[in-house]
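*Asks:* Sharing the features that TrEMBL gives for it:
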TRANSMEM  B:20-39  transmembrane segment
DOMAIN    B:20-444  domain 'DUF112'
TRANSMEM  B:45-71  transmembrane segment
TRANSMEM  B:111-134  transmembrane segment
TRANSMEM  B:140-162  transmembrane segment
TRANSMEM  B:169-186  transmembrane segment
TRANSMEM  B:206-225  transmembrane segment
TRANSMEM  B:264-285  transmembrane segment
TRANSMEM  B:324-348  transmembrane segment
TRANSMEM  B:360-380  transmembrane segment
TRANSMEM  B:400-428  transmembrane segment
TRANSMEM  B:435-452  transmembrane segment
TRANSMEM  B:472-493  transmembrane segment
Amino acid sequence: MSDRIFGGVGLLFASLFIWAAFHIELSFISDPVGPRTFPIIIAIVMAISSVFIIFKPDVEPEWPRLGRMMEILAAAGVMVAYALALPIAGFLIATAVAAAFLTWRLGTTPLWSIVSGTLTSIGIYTVFHLILGLSLARGPFGF
Amino acid sequence: MESLNSLLNGFAVALTWQHIFLAFVGCFLGTIIGALPGLGPSNGVAILIPLAFTLGLEPTAAMILLTSVYYGAMYGGRISSILLNIPGDEPALMTTLDGYPMAQQGRAGEALSLSGVASFVGAFFATWGLVFLAPQLVKVALLFGPAEYFALFALAFATLGGITSKNQAKAAFAAALGIVIAMVGVDGQTGVPRFTFGEVHLYDGIDFLVAIVGLFALSEVFLFLEHRGDGTGEGKSAKVSIGRITPSWALLKSCTPTMLRSSFIGFIAGVLPGAGASLGSFISYSLEKKMVDKDGTFGTGDPRGVAAPEAGNNAAAGGALVPMLALGVPGSGTTAVLLAMLLALNITPGPLLFISNPDVVWGLIAALFLGNFMLLAMNIPMVGMFVRVLLIPPRILMPIVAMISFVGIYGISGSTFDLMVMIVFGLLGWVLRKLDVPLVPVILGILLGNNMEDNLRRAMTISDGDWSALLSSPLAIGLWIVSITGFVLPILLGGIIRRRMRRDDIGAVKD
């Protein structure tokens with residue numbers, strides 16, 4: 001079933017892509033093929049493979065349970081928050097928090113996660129900023 | 001002769017202190033990355049590319065670092081195969097079959113050092129193969145016009161799904177998806193924005209480094225989150241005693257023919273586009289089993305069963321660099337990632353590379369020789385240290401991988417938007433991996449999509465819109481025939497080979 005849904009989504013995506021390709025404006029300079037043709041060819045390849053996937057699906061993959069699914073989404077959410085926080089909180093603080101969260105969710109006890117997250121952050125800061133001279137995001141305290 | 005002279009010049013480039021140091025660091029990190037279960041050469045190189053980039057290394061130095069990581073990871077993959085029965089990366093799968101039984105018999109040290117030597121032999125011969133074959137291929141490639149290049153790209157896509165991927169429809173879908181992603185941005189020929197939805201950030205297109213790091217490194221983090229507590233790698237540590245480390249001459253001598261044969265076969269498998277190291281190690285092992293395993297000792301800890309796949313996969317790793325450097329078409333997943341690096345450095349691989357940047361190519365090849373000797377030196381006496389790395393649990397390691405990925409991408413662009421795109425690619429990579437859609441064609445599509453379109457449009461401009469121009473030369477027709485065969489053949493043969501691979505795999509688990 002997963003593959004059938006996947007093929008359906010692929011087909012939908014390919015149609016949208018063809019529709020979008022037809023709406024690419026043409027400029028006055030153009031070659032015989034133009035900017036529309038190649039995307040349309042590729043979308044057709046995509047549509048054909050989607051149809052094959054729908055008609056000949058593989059064995060159903062093992063999807064994680066809802067809880068685990070939320071876990072993955074939460075991790076992605078924390079990563080987004082981390083990306084947004086980087087320019088505000090600075091590298092050291094943001095990284096320590098994000099790394100501690102991931103370590104905790106991967107099964108470390110909360111206290112050790114904080115230790116590990118802090119050490120990860122300081123370690124990366126030392127190696128990449130202090131030793132290799134890479135400029136990392138600066139926070140309000142200058143690090 | 002010409003090649004040898006160029007190689008000597010390459011050594012002059014490679015043998016500076018900075019390059020030797022980078023090769024050393026690359027080999028060392030590569031071995032560790034390869035040894036850790038779950039992190040293979042493609043992830044390792046993917047994480048390190050943005051870093052090499054932000055550190056402002058010049059092209060030769062960056063390539064030396066990354067190819068050393070590549071070779072190092074190919075060496076390291078065997079360590080967890082032998083000690084834990086978990087392949088560090090896919091090509092090391094076959095090494096578990098005899099490596100782990102050897103370790104159980106208390107011969108782990110012997111298996112590790114023998115496989116180290118076999119890795120060296122494989123990589124050494126493959127690097128020589130690269131020296132002689134790549135310039136020949138360049139001569140052929142100089143005959144290529146836009147139509148032939150277009151056919152060549154089609155060939156790369158057609159074969160990359162290859163024998164190791166399960167479903168050709170999915171491989172084709174993956175390639176198309178990659179090309180679709182490449183289409184985002186301003187069209188190079190006419191300056192018209194495409195698929196940008198008016199978002200200014202997207203006018204430059206999606207940076208392939210962002211996509212690669214997301215697809216490979218972050219999706220790995222998500223996979224670990226999903227399988228937390230399932231016992232993947234966690235809690236298993238190298239408990240087996242290592243035993244004697246240096247292999248005896250008698251053992252080396254008895255394995256020499258195996259290593260030589262497997263190097264040759266592995267190299268050929270590597271050169272073929274799309275086949276890559278996994279196939280190299282698989283074919284070497286099965287052929288060796290057919291040839292020498294008269295009393296059925298393969299699979300029960302036969303040293304030749306360790307030497308064959310290791311020589312095979314390292315030779316394939318070297319072989320895969322041939323089409324990547326000479327034609328700009330990668331022969332495997334990791335070389336696709338290395339290709340991204342070259343493109344990011346504004347160096348276009350392909351026949352002109354040997355003419356316009358000989359110092360980069362030959363410096364790189366010389367560095368491979370250098371790195372190979374370093375790896376041999378590291379992997380025999382220092383193997384105990386690498387073994388200890390296996391004690392780091394993934395729950396500590398994966399967050400570090402994630403954070404380093406962020407550092408690398410943020411270092412390149414300093415843009416929060418790119419980090420968001422990377423996270424989206426991480427999730428996409430996770431879904432695609434769950435659905436068994438191969439990631440390498442996606443990467444290849446992102447990398448080569450624009451190039452493929454440019455060549456198509458150039459060919460059409462020359463012929464004034466006559467599509468039959470795509471089939472106008474014997475070379476182009478030949479390439480199309482090979483690509484169609486390359487796409488169809490795995491549908492017929494793939495099932496058989498995969499069934500064998502699986503059967504061997506199950507056999508190993510039962511032992």
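From the backbone N, Cα and C atoms, a Cβ is placed for every residue, glycine too.
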*Asks:* To what whole number does the mean pLDDT across the domain 'DUF112' (B:20-444) round?
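*Replies:* The answer is 83, the mean pLDDT of the model over that range.
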*Asks:* Test of understanding: applying the rule of at least three C-beta pairs under 8 Å (pairs 6 or more apart in sequence), is the transmembrane segment (B:435-452) touching the transmembrane segment (B:45-71)?
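*Replies:* Contact criterion not met.
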*Asks:* Hey, would you say the transmembrane segment (B:140-162) packs against the transmembrane segment (B:169-186), going by three or more CB pairs under 8 A that are 6+ residues apart?
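*Replies:* Yes, since the transmembrane segment (B:140-162) and the transmembrane segment (B:169-186) share at least 3 Cβ pairs closer than 8 Å, they count as touching.
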*Asks:* Among B:169-186, B:206-225, B:360-380, which stretch has the highest count of C-beta pairs below 8 Å with the transmembrane segment (B:111-134)?
*Replies:* B:360-380
*Asks:* Which residues of the same chain, at least 6 past either end of the transmembrane segment (B:264-285), have a Cβ under 8 Å from a Cβ in it?
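*Replies:* Residues packing against the transmembrane segment (B:264-285) from afar: 74, 90-95, 97, 122, 125-126, 129, 133, 155-156, 158-164, 305, 308-323, 329-333, 486, 497, 501, 504.
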*Asks:* So which of B:20-39, B:169-186, B:360-380, B:435-452 has the most C-beta pairs under 8 Å when paired with the transmembrane segment (B:206-225)?
*Replies:* B:435-452
